[in-house]
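Trainee: Sharing a structure with you now.
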């Protein structure tokens, strides 16, 4: 109906009605949009629950890794080559572990971004959280630390040290979960399938691990990757001197554990190191959990230039890394020679 005092032709009436419908539609759409935005903002995740799920996922994945290895049914194949020319292997252990870990976390927290080293189309809706929170987590970690779901990125490594896994060097093998909030590592879980040990940490809250009572940096014992121990040798000797001990090992998770106090029942199974250095590209699912563990214990994991690593966005860290705890991390970084991982 036209406003009083105004006469409209039939065409004008039609236009007027259409305009009214348009106004109503836009008002309605605006209300719906604002309500959806408010709903998204209200979605919160309790990080203690996410820690418990992460531990459960790492242990479940580890069971698959161990089972496949013991049955000798690896079915390994190459996914391609690394920048250094080494084969990137995929085994049935990687795949089965990924399925357990990824589906458990996604089913429990469907609104959270989960990045895995492996990819698979299998959807397992039966993978559900037991709702159990381990006693040591209940003892050390307070509940109610809620953060917006959209601020969380989860990184999972279903089988770290796949090359060593195929060689049956199983002490290097781990399964890992990391929770980053706004790009910062907050929760880290490193599980050793063949010993049954699980290291976890929640930055600012607590951990079941400890730094050792003493470390040396003059010179340090430096742990590096078996895959490029030749390249890194001169780099480390330039930094700390020719008397520096260099230990080559597999798996980024294992290397972080080598910096920490080793449980008595595992004495001898993990080499002890003072510093962990990697001078080439490395993926964030390899290092995020270790970064959280070290940060929780007062340590650091940075690029070779001493820069913090952002654990959101794309998975490749191009700056290399240096990791330590219980020592002056800045002093270590300052000793490192100039090095550009993108040119090597």
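Glycine too: its Cβ is placed from the backbone N, Cα and C atoms.
Note: TrEMBL annotation is automatic and uncurated.
Given the structure is predicted, the values throughout are model-derived calculations rather than measurements.
Feature annotation from TrEMBL assigns transmembrane segment to 12-38. Positions annotated as Mg(2+) binding site by TrEMBL: 117, 157, 159, 160, 286.
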Trainee: Restricting to the chain of residue 159 (Mg(2+) binding site) and a gap of 6 or more, list residues whose Cβ falls under 8 Å of its Cβ, or answer none.
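Mentor: Long-range Cβ contacts: 61, 65, 91, 93, 94, 97, 117, 165, 173, 175.
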Trainee: Determine, for the Mg(2+) site, the additional residues of the same chain whose CB lies within 8 Å of the mean position of the CB atoms of 117, 157, 159, 160, 286; present them in sequence order.
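Mentor: Result: 156, 158, 161, 162, 174, 175, 176, 251, 252, 253, 283, 285.
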Trainee: Return the count of C-beta atoms lying within 10 angstroms of the C-beta of residue 160 (Mg(2+) binding site), excluding that atom itself.
Mentor: 28
Trainee: State the count of C-beta atoms found within 10 angstroms of the C-beta of residue 157 (Mg(2+) binding site), not counting that atom itself.
Mentor: 33
Trainee: Pick from 117, 286: which of these binding-site residues has the biggest number of other Cβ atoms within 10 Å of its Cβ?
Mentor: 286
